[in-house]
Amino acid sequence: MNHHIASSTPSAPSGVAGFVNVVRCYALTEWRVLARERTAMVFIFILPAVLSAILGPGVSGLDSAPGAMGRATIGFAVMFSYMVVTYSGHAFYRDFWYHTHGRQALIRPSRLAFAMGKVLPACAMSFVQLLLFTGFAAVFLGLPLNGNVLQVALTGAALVTSGSALGFLLFAITRSTATLSNLSYLVLVTFSAVGGAIVATEALPGWSRTLGYATPHYWALRALNEATFGQGRWSVVLQSTAVILTFTAVCATAASLAFDFRDQKHDTT
């Protein structure tokens, strides 16, 4: 981990312009870090592509179904888009890695602007991944698109936003990067497993399907299935998106209540 990239500490002027400036400063800093580390590119883009190519629909329970390869690709895309949880959490811990948290506590920027700037780059990467994988599956892997791209985009935006809110919450309630990383990987695998991203929901045991209803993954895949294999009904997409946004609101509210600029955390990476 390179510790020579110091987090920018913007001033906190009032008004919309000041809010946007704070978001921009933090977002640019985080984007530079992610671009230099390149690990985010591997986990968000390369790893799901490799797993899709190696495993295909073999583990999804859709071997002989039309468009099975495309559906499996979407499943892996949804799974690894949730790396946004890890990278959002790391973005907040970065101030402790670089020992700039004292300045943040002194300046105390808008919590919303601070949080948005921190998570925006990771959200953007995961969102682009979902769009690219869906487009690739539709063009080359026989994935139908009975709805429209806007439905896919809305679902993807809701999903990655929920992940960033969960990452913020995990940062707020943990005291070390190691703990956050362990919890975020547990979330990545568990949510993907019971939410139908790895094995299609229809092929899961009943108790797994029941647990899946509590995950954003289930609702995201429900909306994506409607936009691809289904009839493209907006009612299904909007209902699923509303559930994901409810999850997001709960996580964001809990994180905001638990977060304090004065908190002390371990600066290990």
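Note that Cβ sites are derived from N, Cα and C of the backbone, with glycine treated the same way.
Annotated features, as they stand in TrEMBL:
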type: DOMAIN; residues: 30-226; note: domain 'ABC-2 type transporter transmembrane'
type: TRANSMEM; residues: 40-60; note: transmembrane segment
type: TRANSMEM; residues: 72-93; note: transmembrane segment
type: TRANSMEM; residues: 114-143; note: transmembrane segment
type: TRANSMEM; residues: 149-171; note: transmembrane segment
type: TRANSMEM; residues: 183-201; note: transmembrane segment
type: TRANSMEM; residues: 236-259; note: transmembrane segment
Given the transmembrane segment (236-259), its same-chain partners at Cβ distance under 8 Å and 6+ residues beyond its ends are 111, 115, 147, 151, 154-155, 158-159, 161-162, 165-166, 168-169, 171-173, 216, 219-220, 222-223, 226-227, 230
Annotated stretches the transmembrane segment (114-143) and the transmembrane segment (40-60) touching (3 or more Cβ pairs under 8 Å): yes
